[in-house]
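See structure below.
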């Protein structure tokens, strides 16, 4: 690949024995082979997108279809060999089951004939005469399409071409516009087949779509809370930190209490009949246990680290001073989040198209079935890897851009005259020279996350069996991969900052950063960890308030929903939004301390080699060193006292 800018050897690479550690003016492209590999991978993704558009039929999934291959609410093309296909269903938007009270699933296929109708019968129809009257008055024909309403009561085999009597009253369901019977006996049987025996994807979509307004409102709430939290960290004081920690403690305890109360309410509800409601109850128990454990761990950590609050406030104020030199850094997550949303919507659309890609086959009675095309399962895995890798690449680009901005501002001698447009300068360096480095770092995260996903699937599969040893092994492996993921993310962030300084490739940058930080870790490790912990608590606060709103909202929508899945989706989205906004502080903090380590490595504070850090940052570091020295002295004195032998006078 040809670089988009001038290609020169860095001064740091001319002297391999000693790194110069200065922002380079002349750079070269790094990790170009990885960028080419990413380009080839995306060529495959574009092919899958084109294939899904050509072979998929998302309308069948979103709007529903009848037994003859017609999508309800659409104008359809005929299927060869199916005389009742290819009809105009523009006015017939509802899916009606002719035998809704006796549904069965045979070979992953409903036993009842399905039709598209213009409206669902809201009153019970006991005879064919009433079915005929309903068709004439409402224009909704409940018998097969080739039977005229006049013949409903005339031909002898009309009962085989019309719905089984009596036809129960029904209402349209939000997802697929299905006509759902309202009588208790039919409702239980219908729901147990339609929801409990349908595949997981449709059940999850059912819960999300039926509560889509609530999900959207909660996502907006999470967005607003994340903005508020970001500005809270921007103008943080000691009082705000104490209020913030108090809100965290109250929020955690409150959410735990509400979860246990809802679980108790479900266990004493005698009207629960559906498996989906029982799944909601199990999910509530799981949420309650997990939230209780997380609350206990966080409360212990808050108690242990309470003495570091004042230093943490000073640390965040130093971070805010670095951000004030380039205040548009706070808006960096907005465009990153917008790009992620666009990519996720595109990914879901392609996934839905892949899920509906199938060849129409005519079976007995002129009905139509859709058989999945070969190769779809491999495309699905490829598509999933594309989701993880591309999402990590977008987030890594933000990390590199923020780190480059911090580096530019930190290594500026004249603090009163900040550099012009540091964010645009950092972005231009990223896209011209270091995209390959970002691709390589995001690929390492992807390699770790895919086995985690597979192990989680294996663990969930083994939960229903008696393999206790297998479950334990898979869970331990998941924990190991989680720890590896966290370590890699921290290593990647420092590697991106080093690349922004020296212009070196990913492996060289990671090695240099690790070596430099290990030499200077005593200066800032503890306070940096607590700063990251406070930022993490900010994310937890956003999730707590959003989940509480979701619990109150979804608790009133128990009918025909797996509402535990939308609640989990809302919690994940809330954490993701909070992470997108607050990660700017984490990135600035990590980049700032790496620049500080570089400053200590290359300068000594003399007139010949003055520090790049300002006086406020230097005073903060001195206070940390004094506290660390005092703590070490106290520890040594306690050790010596314990080892002293008491002798008689």
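Placement of Cβ uses the backbone N, Cα and C atoms for every residue, glycine included.
Annotation comment: Swiss-Prot describes 33-53, 213-233, 235-255, 284-304, 334-354, 384-404, 533-553, 562-582 as transmembrane segment, evidence class sequence analysis. Look at Swiss-Prot and you will find 136, 151, 414, 502, 520 tagged as N-linked glycosylation site.
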Dominant neighbour of the transmembrane segment (213-233) in 334-354, 533-553, 562-582, by Cβ pairs under 8 Å: 562-582
Residues that sit under 8 angstroms from residue 151 (N-linked glycosylation site) by C-beta distance, when 6+ apart in the chain: 158
Folded-back contacts onto the transmembrane segment (33-53), same chain, C-beta under 8 angstroms, at least six residues removed: 1, 346, 350, 353-354, 357, 379, 382-383, 386, 389-390, 393, 435-437, 439-440, 443
Sparsest Cβ surroundings (other CB atoms within 10 Å) among the glycosylation sites 136, 414: 414
Cα-to-Cα gap, residue 136 (N-linked glycosylation site) vs residue 502 (N-linked glycosylation site), nearest whole Å: 80
Inter-residue C-alpha distance, residue 502 (N-linked glycosylation site) and residue 414 (N-linked glycosylation site) (nearest angstrom): 21
Stretch-level contact, the transmembrane segment (533-553) and the transmembrane segment (334-354), CB cutoff 8 A, at least 3 pairs: no
Cβ neighbour count (within 10 Å, all chains shown) around residue 502 (N-linked glycosylation site): 25
